[in-house]
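A short worksheet on the structure shown next.
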Amino acid sequence: MNIQSIETYQVRLPLKTPFVTSYGRLEEKAFDLFVITDEQGNQGFGELVAFEQPDYVQETLVTERFIIQQHLIPLLLTEAIEQPQEVSTIFEEVKGHWMGKAALETAIWDLYAKRQQKSLTEFFGPTRRKIPVGISLGIQEDLPQLLKQVQLAVEKGYQRVKLKIRPGYDVEPVALIRQHFPNLPLMVDANSAYTLADLPQLQRLDHYQLAMIEQPFAADDFLDHAQLQRELKTRICLDENIRSLKDCQVALALGSCRSINLKIPRVGGIHEALKIAAFCQENDLLVWLGGMFESGVGRALNLQFASQPTFSFPGDISATERYFYEDIITEPFILEQGTMTVPQGLGIGVTLSQTNLLKYSQYQKIM
């Protein structure tokens, strides 16, 4: 394929309600949409989902914009691309910056599938048309209000609830939820809020039949996670420190976890994500798909990727209305009896809403 143009929309979508984690508060989701057009007029869409603050991982929206325009796009234009798997090799000389790489790499995958007149799901092997999904709930100090949120999620049919926790907000809300919902698939996510000194408190969580405890310790730690996993019956899940297949291999070798939260942007794109999914399946690591408050473009990709049979555990792929009043695609994603339908159109299978793009974004033609 020959790239004819690259455009970007800098988008800001307000959230319906603020989302609070152990490291911050999110009131709107800022992201960039990249549109890559080939010589045939096909367009591939990729979403740059890095947050504005470096409080989740190192990348930010501003740093990745710079890396994309000054380094990755020039590399992408050095030669004609035949297969989307080539992109990760082309980008190898740039160290790190996985989310910037993923924004362009996923756009190339979408473009490639459209050139082949195929859905992107056809490149993922056997897939399902509908997949079970879960919901993530932010820190809610008002515990009666938290119970209402859980009740609403259950009534809507979400098949798993994840609760964000931090020191001082952990055992009490978990115990309350478990008291009212004894059979609910429930997990917690600490976003690196704890240290090994908090072991006694984390051991208390072992009594509530949690599906897993996600990322209790630092994003660069494997050793303390391994010690914690030896101490707990509950499965430990790693998120922030899984940036590559090599990180999964290290985690397995050390016994740092028994589950992986896989986020396509966090590992540099689809090619690396496919290798990680295969590795987890081969080594009995429970792998599931996480989210980054994506718009409909990233959400479509997540649904397609999670349609692989490997992803049996419900991921963080909520309905559009969970977070946003409006989206940048024409058809919102809807929850139906705890499942969501995987888009089957060409590429990622969604159409952009030009009206909403004009309403919520600033346009820039890069080339």
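From the backbone N, Cα and C atoms, a Cβ is placed for every residue, glycine too.
Owing to the predicted nature of the structure, the values given are computational and were not obtained by experimental measurement.
The DSSP secondary structure for Lys164 (active site, proton donor) is strand. Long-range C-beta contacts of Lys164 (active site, proton donor), restricted to its own chain and to partners at least six residues apart, with a cutoff below 8 Å, comprise Val20, Thr21, Ser22, Ser136, Leu137, Gly138, Ile139, Val188, Asp189, Ala190, Asn191. If you look up Swiss-Prot, you'll see Lys164 marked as active site, proton donor, on the strength of sequence analysis.
According to Swiss-Prot, the feature Mg(2+) binding site maps to Asp189, Glu214, Asp239, an assignment based on sequence analysis. Glu214 (Mg(2+) binding site) falls within a strand when secondary structure is assigned with DSSP.
Lys263 (active site, proton acceptor) falls outside any helix or strand according to DSSP and counts as coil. Cβ environment of Lys263 (active site, proton acceptor): Asp239, Leu289, Gly290, Gly291, Met292 lie under 8 Å away, each six or more residues apart in the same chain. What Swiss-Prot lists as active site, proton acceptor is Lys263.
The binding-site residues in question are Asp189, Glu214, Asp239, and the one with the fewest Cβ neighbours inside 10 Å is Asp239. Cβ proximity to the Mg(2+) site centre (mean Cβ of Asp189, Glu214, Asp239, cutoff 8 Å) flags the following additional same-chain residues: Lys162, Met187, Val188, Ala190, Asn191, Met212, Ile213, Gln215, Cys237, Leu238, Glu240, Asn261, Gly290.
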